[in-house]
Every structure is written in C-alpha cells, then in structure tokens.
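Beneath this line is the structure, given in structure tokens, with notes to follow.
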Amino acid sequence: MFGVVGVVGELLITLGVVLGLFVVWQLWWTDVQAARAQEQIVAGLDWPRPSSAEAPAAGLRTDPPPTLDEPTQDGDTIALLSVPRWDGQDAVTVRQGVDRPTILDTGSGGHYPGTAMPGGVGNFAVAGHRTTYGKPFNRIAELEPGDALVVRTADLWFVYRVTEHRIVLPEQVDVVAPVPGKPGAAPERAAITLTACHPMFSARERYIVHGELEGWMPVADGVPAALTEGA
C-alpha cells in the first residue's frame, strides 16, 4: 500500500517538475530565442540611416507614395513597425508571410500575403504574438484612436493613425480584407491592421487594431515627428 502511494507521489512530483520546466520554456526561453533571432534579422538589414533625429522633422507628404512590390519569398523583411505608445519597446520587424515557426515564432510581425504593402491603397495587415516568442504585440490593447503606428521600409516612412479596435473570432478573416470588414469592396484608402490572439494566453479570439495612413516621407528627409515627439 505504502509502496503504491510512494510511486504515485514520485510521479506527481515528476509531473510537477515537467510542467514547471514547460512554463519556464514557454514564458522565458521562447523570448530569449526570439531576441536572438531579432538581433540577427536587424543586423542583416542594409538600410540607410535617417538624418539626425536632432534635426527638425520634415512634414509628412499626402500625395500618393511610391508603390512597393510585395516580396515573392516568405521571410523577407519588408518593414520596421515603431509604436510610440509602446514606449521602451524596440521596433518590430515585419517580414513577409505568417508562418509560425519561421516568422512569428522569431519575434517578427508577419505580413499577410496578398494584403497591401506599406503605404499602398488597401489594407497592410500584420500578425504578431501577444505572449511568448518575443511577444511583439503584447501591448496591443493599450492602443487608442489617434495613436501613431510608424512603418519604415528601406527608404520610406509611413505614419498611420489608429482608428478603432475590435475583438473577433478567428474565422472572421474579413478584418484583413482590402476594406476591413467589407470583403469584396474596392479600397480607396491606405489602411493598416494589426492582429493578435485574445485574451492573453489564449487563441480563442483575435484582438484587432485598424488604422489609416496619415502621410509619408523619405527616410533621407529625417525622422517623422510622431517618433521624435512621441505623438
């Protein structure tokens, strides 16, 4: 009798240790792995540096920006996303595709294939983890209407402004349609959509943030005021 109880007790202890190690791996080690991956991705970018942030920022242009071609290869880095509201967080690399192991689990945001490129008419849609694997969209629920979402490509800055957020079911994929929520409608504006799992530590729903393009400027002209002034 006591032998059986002892074996069961040892099994429960072992199970507790295994579960504890899994939690450590899930909540800590995946962030370490993602941070290493991000260092390599950013180091591999051969992008020109903007002029000094101390110089007065140039005004945004509102004429149509240059058209950017969508990469044909998944994994290509197409942009950096900076969010002043997330003060203290590094820019999020945005790469082509939404494959979990090779893109999202490296701490990058994933550009939904077939959606608009930065600045383009339509919906520039980006997915990201809210917990684990670098959790680039961990603070997505802090975003408020009017907040800046600053997207940088190799040569251009694009400043979007948050318009709304909503919580939807995973199958509601029309949030990444060219006109969000209106599949089949012809787009007339340049929009952005961020998607992440909701609630925290669950994939039961999706937290969605929509925004619209305020303007753009060349990187050679400096840094947008939205970044230098935290607007």
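Note that Cβ sites are derived from N, Cα and C of the backbone, with glycine treated the same way.
Cβ neighbour count for HIS129 (active site, proton donor/acceptor): 24 (other Cβ atoms within 10 Å of its Cβ, all protein chains included). DSSP classifies HIS129 (active site, proton donor/acceptor) as coil under the three-state reduction. Feature annotation from TrEMBL assigns active site, proton donor/acceptor to HIS129.
As annotated by TrEMBL, active site, acyl-thioester intermediate applies to CYS197. Long-range Cβ neighbours of CYS197 (active site, acyl-thioester intermediate) (same chain, at least 6 residues apart, Cβ-Cβ under 8 Å): HIS129, ARG130, THR131, ALA203, GLU205, ARG206, TYR207.
Annotated region 'Disordered' per TrEMBL: 52-71, in sequence order.
The transmembrane segment feature in TrEMBL is assigned to 7-29.
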